[in-house]
């Protein structure tokens with residue numbers, strides 16, 4: 001049924017298909033910038049610099065004429081290198097300090113005599129066999145400045161959070177089209193500007209702005225495509241916005257393999273979606289937003305264009321549809337005067353009673369866990385051993401089938417019955433990885449791919465499930481608050497990955513605990529497959545308590561044609577963000 005809906009969408013709705021693929025193409029750019037730091041801010045092996053020219057280098061029992069020949073033997077950060085300068089001085093080089101031997105005897109690795117310890121005032125020497133230059137080597141973000149390097153990804157994710165809030169509101173005020181234009185151009189301009197920043201602080205500031213426009217585009221693009229795509233293909237279309245995001249991650253791996261200098265790498269990533277920037281001005285405004293702003297003539301022009309593309313001989317007239325809606329609204333007012341003064345709802349309505357409060361806490365936890373697991377598996381992929389570029393590519397590629405599985409499973413098994421097993425499965429995979437010997441690199445990578453697959457299914461499903469769990473009066477509020485928890489998870493994820501320095505399995509342990517807890521709590525959520533959307537908090541509460549009473553008291557679900565009419569004038573806008 002899902003595949004036939006997509007085929008119908010592609011064959012009958014040519015205009016919507018073109019708009020959809022043009023819009024989601026730029027979603028790849030969001031995936032690119034979100035994960036670009038995995039190679040841009042990598043820390044290679046390094047030791048303290050030395051004052052003078054080297055005549056010989058010693059590392060354990062191996063000797064060489066230059067430090068570059070020693071890096072292949074470097075196995076631990078606790079190692080040190082012994083160098084003899086041309087003036088006869090012998091120095092021991094650690095990562096964050098250097099020691100000068102007081103007695104210059106024969107060059108030997110072990111030394112029991114007196115040493116004078118000095119700071120790394122001559123800079124650092126970096127292993128450039130893999131990466132010619134990174135932002136860490138550019139600005140010496142090591143030792144006492146290491147915390148600055150660890151702030152790069154969290155600061156970007158903070159920009160994601162703020163950008164989603166700002167541009168989501170601007171899109172409702174000024175229109176989707178203008179925000180798509182601005183954020184698309186912003187991604188290109190700020191992406192290129194990052195490569196030409198002159199110090200660490202300007203780098204972080206420009207990356208923060210890049211994060212804001214990237215997040216803003218992803219949020220608005222999701223709303224944009226859902227307002228153009230019909231009901232039959234909407235689930236598949238909205239889910240596969242995430243698939244294009246995953247393709248961006250795969251591009252990061254490919255460009256990272258080809259470009260080993262960080263600013264060249266950043267430029268190539270930024271120009272990857274330049275074709276969209278050049279043609280995005282051709283995208284029209286959505287009829288829904290135009291109607292909400294009472295710009296009926298402009299809406300009619302877009303509808304007429306859609307009709308020509310789709311070869312519809314008799315396009316609908318906005319004036320006719322609007323007159324029908326006005327009659328319905330008038331009859332509704334005469335039937336019930338109380339509806340004219342709608343109550344304004346706030347976040348506290350999501351905790352109005354124990355049933356709804358428990359549901360909200362569970363849903364928020366799933367949003368947080370999904371985002372946390374998604375980025376922990378993605379950011380950790382380059383540290384699994386083997387080829388880090390192939391690892392990241394596979395971690396991105398595994399998302400493509402996971403969204404297809406999610407779409408099929410949620411329609412066949414149900415939302416809750418799909419969410420529970422995949423959350424628990426991701427927790428079990430986290431535990432399994434802890435017991436895999438570290439020498440089994442291939443098995444570890446496959447297990448991490450399975451973990452990313454499981455958490456990806458849950459992460460993609462929770463958007464629709466949240467909208468169905470809450471009544472109309474607080475639905476947007478529920479999805480918006482859940483999306484905020486998702487962004488909090490994305491901010492926390494980099495710090496979670498840094499806990500590998502405490503214990504290599506600490507990030508997996510935390511994700512596993514959160515996923516298991518989320519999976520258990522999800523059991524208490526009601527199934528929403530095949531059930532009509534609720535309109536009041538009373539109906540939503542009854543859906544959780546008694547399935548039979550809920551189905552009896554709630555009016556039957558509207559037909560597809562009725563939903564199309566309802567959406568034309570009262571569509572709810574749901575934002576999303578990775």
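Cβ coordinates come from backbone N, Cα and C, glycine included.
Because TrEMBL annotations are produced automatically, they should be read as predictions rather than curated entries.
Quick caveat, the model's predicted, so the values are computed rather than measured.
TrEMBL assigns the feature transmembrane segment to residues 147-167, out of the candidate ranges 147-167, 294-314, 315-335, 336-356. Given the ranges 125-146, 389-410, the record in TrEMBL names 389-410 as transmembrane segment. Ranges compared are 72-93, 94-115, 204-225, and TrEMBL records transmembrane segment for 204-225. Sequence-distant contacts of the transmembrane segment (179-198) (same chain, at least 6 residues past either end, Cβ-Cβ under 8 Å): 23, 26, 29-30, 33, 167, 170-171, 206-207, 209-210, 212-214, 216-217, 220-221, 224, 262-264, 266-267, 269-271, 273-274, 276-277, 280-281, 283. With Cβ pairs under 8 Å as the measure, the transmembrane segment (361-377) is packed most heavily against 477-497, out of 237-257, 263-283, 477-497.
Counted over residue pairs separated by six or more positions, the transmembrane segment (417-436) shares at least 3 Cβ pairs under 8 angstroms with the transmembrane segment (503-525), which defines the two as touching. Summarising model confidence by region, the domain 'Major facilitator superfamily (MFS) profile' (72-530) averages a pLDDT of 84.
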